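Here is the structure we will look at.
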Amino acid sequence: MVLKVFFPSCCSSAESGILVGRWLSEQSSAVILAVVHFPFIPFQVKQYLSEVQRVTKVSVSVLGSWSNSKQEKEENLSKFLEDLGTIFSHEPWIQISKEGDSKFWSCSTFQKHSNNPKEEVILVYYDQRKVMLSHLHPPLDTATSTDQETDDASKLSAIFHTVAKSKMLFMTDRYNDGPIKLTHWQSDGTEASIIVELMKQASVPACMLLAFLLSLVSGICRSRVLKFWPLSFLWRKLSTCEQLGHRLQHLQVISSNKKAQTQTQLMRKANIFVSLLIDVALGILLMSWLYRKNRIGHLADTLIPVADHVAEELQDLLQWLMGAPAGLKMNRALDQVLGRFFLYHIHLWISYIHLMSPFIEMILWYVGLSACLGLTVALCILSDIIALLTFHIYCFYVYGARLYCLKIYGLSSLWRLFRGKKWNVLRQRVDSCSYDLDQLFIGTLLFTILLFLLPTTALYYLVFALLRLLVVIVQGLIHLLVDLIDSLPLYSILLRLCRSYRLAAGVKFRVLEQQDGKPLRLLMQINPLSYGSVVQTYRLPTYSCYPKDSWTSLCKKLFLGELIYPWKHKGEKQD
């Protein structure tokens, strides 16, 4: 049977003493956590370890002895170390000895109640600080992982759990005036930072003030004022309001005085904080760029000519449709009615733009100030401005889609009439039905009229649907960028870049130089998570303005003339 001893590399130069750690019987492994130096009183050591075990819930005990003789090995010390096994009575009793500066150690085990008192030992060195600060992630594809991989992951998690839970043991350093002197990864002094401690103290009143302000804003948002029709409609439809509500939830998570219970909750708070920080920093940079060299005025002066140019292009397009587009034979009367109807709407839109032109620069000036709330808020405002500026295109699309949809459903209903069928609304199915001669004659007339008018309506619908899809694609790209900023776990990515051992996916063992008669020596190194796994594990949820329609569903809606709403949520019903 092979016994594995996990030895911290920070204790390799420790003075002689006893090995303190945890014995994992199901793995035949010993995880060494610290070395207790001579002199010591066994009763005090047992009392201290029982206190550590009570607090950390980890069965810490004395596993063996450690001998670091920089000179020749003394027989009295060797005899004394063997006698310690009878005092602490742990089986197996591990004896590790290092002679001088040699990197090849002697390691032996003793068991009184066993037929095979000596076992083969594998000495595994590990970085105690990295193992304690790292978080071992389970495999993401648990469905494809084998039982052997799952068992290995559970064994590794037991080792990482043992080191991470033993923080109380690492609080005692060599500067403490106590009866027990320990060597571990913090033996030279507990890690601390005056700046971090001052920031912690200063963050308490800041978080309390922020929590009060956020509770006040949340109370206003939940008030009945926003539930009346105009405000409730704008709050649900405008992506700016959705983004502000999303960021408000993030601020509430950060300013909460509840301590994170798990590593996942802690990483989520850190990711939200860094995402907010970078979002606001990018927004301030955008705002400083806009207000420099009078760029707001230049943008306002450019907006009116662009709107006029778009309106002129639409007028030319309608004039082309009112003639013989691509040589197609259209219904003259319906073509003229639809063309003049849409031309009148363009005339109204141009009048509206020129009426608002004196106030556009002032509106853009105040809108630019909203960039201090974050780049995502500025992008959402840009999406809403595009929606407002292309509202006439949206109206054209709705008119054409409704007219086209009416004719499609009318033709399908009359086609069922020819076959002696009808749609049963109660049972949601097609049933047989007998029609008289008058019904068939009227149905034939209506079917013929709708069929010959369909090409003219379909052409107008096709043109305006393509224009509408162009606007929706532009808004979709803006919202994809907003979702990317909102959901990207920037803190986790930076942690993976700077301190990759903090996000552990597993370990790898490197075989060190060997010598005959000495135990096998391995070096345990941490395998970090890949960047794709980091993003998949710690990705933040987003509000996702757009419905997740498949390409098949989208093509079906376009063919049947159903409206494509850019501001709909996942759970909302579409007409």
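For all residues, glycine too, the Cβ spot is worked out from N, Cα and C.
All TrEMBL annotations are machine predictions without curation.
Positions annotated as transmembrane segment by TrEMBL: 202-221 (among others).
Sequence annotations record features per position, and here TrEMBL assigns transmembrane segment to 272-291 (among others).
Annotation source TrEMBL lists transmembrane segment at 337-356 (among others). Counting residues 6+ beyond its ends, the transmembrane segment (337-356) has Cβ neighbours under 8 Å at 304, 307-308, 311, 314-315, 318-319, 321-322, 391-392, 395-396, 399, 456-457, 460 in the same chain.
Under the heading transmembrane segment, TrEMBL lists 363-390 (among others). Counting residues 6+ beyond its ends, the transmembrane segment (363-390) has Cβ neighbours under 8 Å at 238-240, 242-244, 247, 276, 279-280, 282-284, 286-287, 290-291, 296, 299-300, 303, 307, 471, 474-475, 478-479, 481-482, 485-486, 566-567 in the same chain.
According to TrEMBL, the feature transmembrane segment maps to 396-418 (among others).
The feature transmembrane segment is assigned by TrEMBL to 439-463 (among others).
Feature annotation from TrEMBL assigns transmembrane segment to 469-494 (among others). Taking Cβ pairs closer than 8 Å, the transmembrane segment (469-494) reaches residues 239, 243, 246, 267, 270-271, 273-275, 278-279, 375-376, 379-380, 382-383, 386-387, 390, 393-394, 503, 531, 534-535, 537-542, 544-546, 564, 566 in its own chain, all 6 or more past its ends.
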